Amino acid sequence: MMAKQYQTLGEFIIDNQADFPYSSGELSRLINSIRLAAKVVNHEVNKAGLVDIIGAYGETNIQGEDQQKLDVYANQKFIQTLTNREIVCGIASEENDDFITIAGCNNDHQNKYVVLMDPLDGSSNIDVNVSVGTIFSVYRRVTPIGTPVTKEDFLQPGNKQVAAGYIIYGTSTMLVYTTGHGVNGFTLNPALGSWYLSHPDMKFPKNGSIYSINEGNYVHFPEGVKKYIKYCQEEEEDRPYTSRYIGSMVSDIHRNMIKGGIFIYPKSSKAFNGKLRLLYECNPMAYIIEQAGGKASDGFSRIMDIQPTELHQRAPFFAGSKNMVEKAEEFMKKFQ
Ligand code: AHM
Ligand code: MG
């Protein structure tokens, strides 16, 4: 994908329209809707520190309006934006038990794409002013156009994604996405409300020196993970590595993609498949990571090749710099 600097996201989408699969303009409109919803959510997330003044989320504020929890708010905004603009035929969200069918204004189910999303990942970090994110994943439906979507349209392996991205509400707000032609990152200029191409053609360094894992769960980890952590801490060659864990996956992976590193959320004796959701968290991040030259697995095989069986299924997640993920996999294999 061509990436010029100082471009806005709008210009970038138009310039690269031909790279979009099937190129009907539908996917461009979908990304456009996401960038709009992201701005609205960003505005609300930025005000989170004022809840003591205007009322806590979940309570009634001074004006007598109900304050919504931010994750519920983000969920509604993304769903509303995608629904009102008649772009997708279905949405599945980490916040909803079941998927949503979108019939379209003529009730004719003509749209091709389904979106799966985690509207506000890491939301427990909001109270302490730490970055959170939105993650989204786009597939072409597999059931015939003209009929309502079914679960089958959502239960596709990650390798069928046509686009995926994340928004990071951080010191600056960024939108990073791929349509299968590399990864590009755009930074929001809040004064103008425009996204600028700030990180063209992002590449995951092949090696890195950061490992990100919740070591508090060490005793519950599989032997391979325990041994890999010890390996990261040994004084040998370029080690010990630096440990960095924000507890907000989008931020942890974004940092590792820029600096080089590995992120691990393994299975444990307490959570047999780990914590992260395959469809809303692992697959979209895996698509971006692979498109940037990194690697994402469940500790043994490629995340994006897992055939999902449930909307909310979880998966262990090993993701980041290719050589680091391969080293962690070696340990997993050896200490099974
Ligand atoms: P959430 O979807 O409920 O916010 O949970 C996902 C988040 C990830 O962003 C993060 O990597 C992980 O949970 C942290 O979990 P833990 O506190 O168990 O380390
Ligand atoms: Mg989440």
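Keep in mind that glycine also has a Cβ here, set from the backbone N, Cα and C atoms.
TrEMBL lists Glu94, Asp118, Leu120 with the feature Mg(2+) 1 binding site. According to DSSP, Glu94 (Mg(2+) 1 binding site) sits in a coil region rather than a helix or strand. The local packing around Glu94 (Mg(2+) 1 binding site), expressed as other Cβ atoms within 10 Å of its Cβ over all shown chains, amounts to 19.
The Mg(2+) 2 binding site feature in TrEMBL is assigned to Asp118, Asp121, Glu281. In the three-state DSSP assignment, the secondary structure recorded for Glu281 (Mg(2+) 2 binding site) is helix. When other Cβ atoms within 10 Å of the Cβ of Glu281 (Mg(2+) 2 binding site) are tallied across all protein chains shown, the result is 27.
Feature annotation from TrEMBL assigns substrate binding site to Asp121, Gly122, Ser123, Ser124, Asn214, Tyr245, Lys275. Contacts of Ser123 (substrate binding site) defined by a Cβ separation under 8 A and a same-chain sequence distance of 6+ are given as Lys69, Leu70, Asp71, Val132, in order along the sequence. A helical conformation is recorded for Ser123 (substrate binding site) in the three-state DSSP classification.
Residues or ranges marked as domain 'Fructose-1-6-bisphosphatase class I N-terminal' by TrEMBL: 8-200.
Annotation comment: TrEMBL describes 205-333 as domain 'Fructose-1-6-bisphosphatase class 1 C-terminal'.
The binding-site residues near ligand 2, defined by a Cβ under 6 Å from one of its atoms, are Asp118, Asp121, chosen from Asp118, Asp121, Ser123, Ser124, Tyr245. Taking the Cα atom of each, Gly122 (substrate binding site) and Glu94 (Mg(2+) 1 binding site) are about 12 angstrom apart. Of all residue pairs in the substrate-binding list (Asp121, Gly122, Ser123, Ser124, Asn214, Tyr245, Lys275), the one with the greatest Cα separation is 17 Å apart. Using Glu281 (Mg(2+) 2 binding site) as the reference Cα, a 10 A cut-off selects none from the binding-site residues Leu120, Ser124, Asn214, Tyr245. Under DSSP, residues within the domain 'Fructose-1-6-bisphosphatase class 1 C-terminal' (205-333) fall into helix, strand and coil as 57 helix, 19 strand, 53 coil.
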